[in-house]
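Look at TrEMBL and you will find 25-57, 388-417, 418-450 tagged as repeat 'WD'. The region 'Disordered' annotation in TrEMBL covers 267-301, 317-361. The feature compositional bias 'Polar residues' is assigned by TrEMBL to 278-295. According to TrEMBL, the compositional bias 'Pro residues' annotation covers 329-350.
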Amino acid sequence: GGRRGMLGVGGGDGLVRRLELEATLQGHEGCVNTVRWNDSGTLLVSGSDDTHVHIYDPYRRKRIANISSKHMGNIFHTVFLHHTDDRKLSSCAADGKVKVIDVETKTVMNVAQHQGMALKVGNCRDSPSVLLSCSDDGRIRSTDLRTSTSSVLLTLRGEHKSIGINSMDMHPFHSLTIALAAKDEHTRVFDRRMLRENLPLVTYTPSDLQRTTQVSASAFGSVGATGVAYSWDGREIVSSYHNGKIYLFRSHIYQEFLRIERPLPTPKVSESKEHSQQRFTSGGVSDSNNNTQHIQGGEKKSLTQWKVRWWRERHREEKLLHQDSTETPTPPESTGPSASPSPSPSPSPSPSLRQSDSAKEPYEIRMKDIREYTGHLNIRTVKEVNFYGPRSQHIISGSDDGYIYIWRKSNGKLLSLLEGDEDIVNVVQPSRDGNMLVTSGIESNIKIWQPTRMTANPLSDAESRIKENQGILERGSGNRDIPLSLIFLAMFRSEHF
């Protein structure tokens, strides 16, 4: 969305602190669950519990289209399709359907059907005719609009059942690479060419959620990721966890293996380090446009060899990097008001190589987080998280207390606290230059924020608010007064699935 594209001047600490409410876009008659920018950053598309899709011009503060989606349940996500001159949209909803909408004729076409609620839909930049969608049924579906076909690319499985997928995001420059936020403790990155094999490129697990440590059960149930996003350059991933914190991960450590576009002959295990960069692409994975292709037999073995080699080389580099470092780390910069300030990260988190839970693959690369962001509350709804600023300088999230939280990415310091909804803020979408922010939640409107204040927003009540949020999380009292829309959603799901 808005975090990618041309670099602008917005997004500095000063502008973040001077954000204020400039306008409210009306028109919906239910919770606004999704707002997205078009590629040029001139239009917004939104979807709501009222099952209507709206298009707005945020600069003229005007609604320019109101389209009935014909969904039978709450719309959870809408996007403009790439390379269609903003004339086509896609939406997905609680009825499990993925639809394509023609803006000019307002015709609606069903293109895919999930067994559970369809929570996110994405359009591939380099293959604009291909849609990807994820669902709480644990499946990723690929839909080719040229052939009107839809197939299951992945069923994310746990030990005994499938794992629901709440959100996904595609790498901004390698759309074959996709990050998934699932209903467990992991954030996974997959290559779409091998989704069928359930083989993540990397599995990210927050340090305090590692299975090797004693993790106490939350008062609200299991912990799971609700939102995930890539930074503007794809070098970092941010993930927000239900009943928990927001975590920052580094993704550039495997990016070097994604740069080779054409398939190469499968190398032998004994080949030199110079060829290790080719191993990922050449591991039996064709560059074909057939998104259902998957690796088999010897190719799986080659991928495993690549991962073992990757881990060994990375471990050696880490030892060389840190051999001259001091034993005592430098104290972190003050993080300001925070529920639980996180320690300063190491220059680069060391990967671990462990036996995979899947019998299909003996080894799996796992990475820990490098930064935590706390103070908000994420227990009642499925919330987004995003980078903010033309170079992703900040992290932004909504909260159950109705506020928008903005942290400095580098040290976790809370910079801004904005009242964004009478109940809950779920959606946070910055413009591409960082000079406009749009948010939505339980209210039936969309709010536009711009850095027009003469002075910085005060953080006078931040400490007490964070303390209250932490108390709610610890006491397990956050499920009171759940909005009726969420109750109706639960009723819809129980009746239809």
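Placed from the backbone N, Cα and C atoms, the Cβ positions cover glycine too.
Remember, TrEMBL labels are computer predictions, not curated facts.
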Summary of DSSP states over the repeat 'WD' (388-417), given as helix, strand and coil counts: 0 helix, 15 strand, 15 coil
Summary of DSSP states over the repeat 'WD' (25-57), given as helix, strand and coil counts: 0 helix, 18 strand, 15 coil
Residue counts (helix, strand, coil, in that order) that DSSP gives for the repeat 'WD' (418-450): 0 helix, 18 strand, 15 coil
